[in-house]
């Protein structure tokens, strides 16, 4: 069985028996390279209507792709730390840098911190969009919240619950009825993360 999800006017085929498609089909992701910095600053300034040098959550509403995304609020929330009300350009670029393709030509220096665009960092970012209570696990209820946002108009509640149960069953290795980060990572070990997290953000 396939469900077609429309994101930004583009239909995406989503086999509901495959959990890796569930994980990534709903998100808006961004490619950031050094050549984009100037354009990103122009974009930042265009969003900063009051010219304060900072963006508020509501300023992101001017981005059509986010406004149309079923979980746009969660993606916007990722730009802000708990209690933080605005984000400056440095923080704006730092978040977007998660989605710059990883540099596979140069070996990782073990003495350096994990790059923000490493596979692990990308997966952690995706994981936190599901794990809304920050307890380190994706519960059935949290997964259902995302699925309802994505598919509520296309399937019945019974079908949504079936998709959630099947996804957890495939990924839950310790049988606690939830998905830990390590289980999330393992369920996606064959997925090309750079490809999945590569929808354009710039105009």
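Cβ atoms are placed via backbone N, Cα and C, with glycine included.
Note: the domain 'EF-hand' (118-153) comprises 24 helix, 3 strand, 9 coil (DSSP; helix = H, G, I, strand = E, B). What TrEMBL lists as domain 'EF-hand' is 118-153 (among others).
Summarising the annotation, TrEMBL assigns domain 'EF-hand' to 159-194 (among others).
Under the heading transmembrane segment, TrEMBL lists 20-41.
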Tally of residues which DSSP labels helix, strand or coil - the domain 'EF-hand' (159-194)
22 helix, 3 strand, 11 coil
